[in-house]
């Protein structure tokens, strides 16, 4: 046997092994079914032995696997931190370089504009006009004076949630806005695109999306409260888009700042001499009002630069502290031109800080660390007065984290084990998110309604995964009942924080549970009808005392008194059909009560009624058709067992599980009440 096993192992391990030829030769050489069964057993033993060896190897290296996984996790965290530090250093160096070169660039650009003012403007506008002729619905784009084209190109738009392709677009970047036009595939002529959206450069932020093959060369545009993802043709085009978008946004900010500075008169103007003394008093008051705001303090002069440093070093708390300090200082001060100028500089930094905080909460960032990892960015957004945006971004981040955790859960082993893991992951995440939400938004009660809506959508995500594994895979009713019971128990944990989603869970599951009950009811009815067709109305012989004792225990667990129908031997004074029906119906009742909630009351009740009717009608038909007096008496005994023993237990157990009596079952029992009959009579029930 050992030599045969070794030979078989070598044959299966050979690199030139062909399963089809092997089976073909085996079927030709075998003497019959017995030979094939023996060979199948050998292969099965070899498979079991291989599985045991594999399991031993896994257990042997289990600790090493765990240590390796931890080291990989630590290394990944360190690499992420290193990448983050390098990115910060790069941004600091770029900001320093930009600050040093900004003066030279401004002077050079002014000289170029002075040298070629009309030609450059006309060429850019002519190029933009010729391109916009291919876009439908953009007649008013050129109405804004000075608007010209910076960059354009084809992009592919993807869905933010599931990363599926949506449509082809063509983007036009102008000096003050970004135009998105969709591609018209079946359009002939000059018009090839249709207007989709127009975004001001200050209304969105551009975020690089990390490559995750096959999803690569992508970048995201964040516009509160939405976002869009675009894919460039290659990495070079993507880099050009990111650099040109960033440069254009900076140029627009710089241009707007220069406009504000030019609006404030800096050249000395000779004041008119007035002889009215009241006019002189008014002038003195104005000067006194302007000079009453002292902006020469060192920390105020250095405030814009300090904010830039805090943002570059990711010191969000320090940046918000500086802003609070400035707001406190200027709270009761008059609004002078110098204050307005300072406010303009600070507002630009506030916008940059908000963009960074929004990016910190975006789902593209690492979702590790749980809800506590978002506390820093959320708290600073709330301090900036943007609690609504903070709430929305926090919930989006947590939704992505929950969805990722569910997707990463492997479907392996028994269904009940998977549901235990799924419930543990989902409801633990939901509980942690709720506690963190209460902590972060304690003073913003208006955001709680948004959390309730988010919880319902998260529950819908959970039920989709739950139903796909439990109901779509056609599991048994007992397994489905246990899984639903586990989900209900985990859902009750949320009540400790005042969140009860039990009704939401039940309303989402009612359709699948109803279908499962009706499907199992049909199976029982078909099985009962099949047994009824082969009914011989003979006593049941269990052959051994152990089998009889087991049947008694099963009936006792169902609440049915069974001793009066058994004797000292292994015979039961009931037919096999009635006993099998009783066991199957009581099992259906118990599993149905585990799945029960008020919306399923009539479904469960009608299912029980239909199942009972099949058995009762069969007994009634047998009583009317049976001619043998002994068999007729035996049928009557089975009818009495169903009416006097089984149906009362069903009614009582249903009432205990539901909390109210089952009137339909009571009426059914009364309408099928058996009576003592004469063996020659054909009347059996009243």
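Keep in mind that glycine also has a Cβ here, set from the backbone N, Cα and C atoms.
Keep in mind that TrEMBL annotations are predicted by a computer and have not been checked by a curator.
Among the features that TrEMBL reports, domain 'PH' is placed at 148-250. Within the model, the domain 'PH' (148-250) shows a mean pLDDT value of 86, rounded to a whole number.
The region 'Disordered' annotation in TrEMBL covers 252-287 (among others).
As annotated by TrEMBL, compositional bias 'Basic and acidic residues' applies to 252-263. Remote same-chain partners of the compositional bias 'Basic and acidic residues' (252-263), defined as residues 6 or more beyond its termini with a Cβ less than 8 Å from a stretch Cβ, comprise 102, 106, 175-176, 201-202, 340-341, 344-345, 348.
Here TrEMBL flags 665-686 (among others) as region 'Disordered'.
Secondary structure of the compositional bias 'Basic and acidic residues' (252-263), assigned with DSSP and counted as helix (H, G, I), strand (E, B) and coil, comes to 12 helix, 0 strand, 0 coil. Here the domain 'PH' (148-250) has, by DSSP, the following mix of helix, strand and coil residues: 19 helix, 54 strand, 30 coil.
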